[in-house]
Amino acid sequence: MARTTTLGRGGLLTWLGVALIVIVLDQLTKTLILGHFQYGDARHVTGFFNIVRVHNTGAAFSFLAGASGWQRWFFVGLGLVAAGFIVWMLRSQGHQRLFAWALSLILGGAIGNVIDRLLHGYVVDFLDVHWAGWHFPAFNIADSAITVGAALLILDELRRVRRG
């Protein structure tokens, strides 16, 4: 049986490489935002999209953002536990391509946001989608990767159920 740590198709290192690409893109874009925007700045891009700089001390949709500070370490711990579980899953399920893509995107996004929490105490969000005065909560590349990964997990499960 082939080792799952090889660079071959479906090997653990392949999927960790995908996660690393997400982490690098996420951190690069956040570094650019931190270097060129002040907190609260916004730049109009289109009629439905802005680049902003906001800090999220909570989770998705700023859940628990108003808590007293304990949530920083809670989400760091949760992210690290999730990362460990995902790596374990990739070691055994890396041959299932869609599933592994999904997990790799989620892994990269989770680690990207954990890095922010460790470095800054908050997650840097900067993508602002809006329509007719309604703004979706700002998000970042890591959040996008997690969302796409979750959608791929659902798709993978639907395909698995359909196959019987």
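Every residue gets a Cβ built from N, Cα and C, even glycine.
Keep in mind that what you see is a predicted model, and the values were worked out from it rather than measured.
Asp125 (active site): 22 other CB atoms within 10 A of its CB, across all protein chains. The active site annotation in Swiss-Prot covers Asp125 (among others).
DSSP classifies Asp143 (active site) as helix under the three-state reduction. Asp143 (active site) counts 20 other C-beta atoms within 10 Å of its own C-beta, drawing on all protein chains shown. Residues annotated as active site in Swiss-Prot, with sequence analysis given as evidence: Asp143 (among others).
For 5-25 (among others), the entry in Swiss-Prot reads transmembrane segment.
As annotated by Swiss-Prot, transmembrane segment applies to 70-90 (among others).
Here Swiss-Prot flags 98-118 (among others) as transmembrane segment, drawing on sequence analysis. Using a Cβ-Cβ cut-off under 8 Å and counting only residues 6 or more beyond its ends in the same chain, the transmembrane segment (98-118) has close neighbours at 10, 15-16, 18-23, 26-27, 30, 72, 75-76, 79-80, 82-83, 86-87, 89-90, 124, 140-146, 148-153, 155-156, 159.
Here Swiss-Prot flags 135-155 (among others) as transmembrane segment, drawing on sequence analysis. Counting residues 6+ beyond its ends, the transmembrane segment (135-155) has Cβ neighbours under 8 Å at 22-23, 25-26, 29-30, 52, 54, 56, 60-62, 98-99, 101-106, 108-113, 116, 123-129 in the same chain.
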Asp143 (active site) to Asp125 (active site) - Cα separation in whole Å: 9
Intrachain neighbours beyond the transmembrane segment (70-90), with Cβ under 8 angstroms and 6 or more residues off its ends: 4, 12, 15-16, 57-59, 64, 100, 103-104, 106-107, 110-111, 113-114, 117-118, 121-122
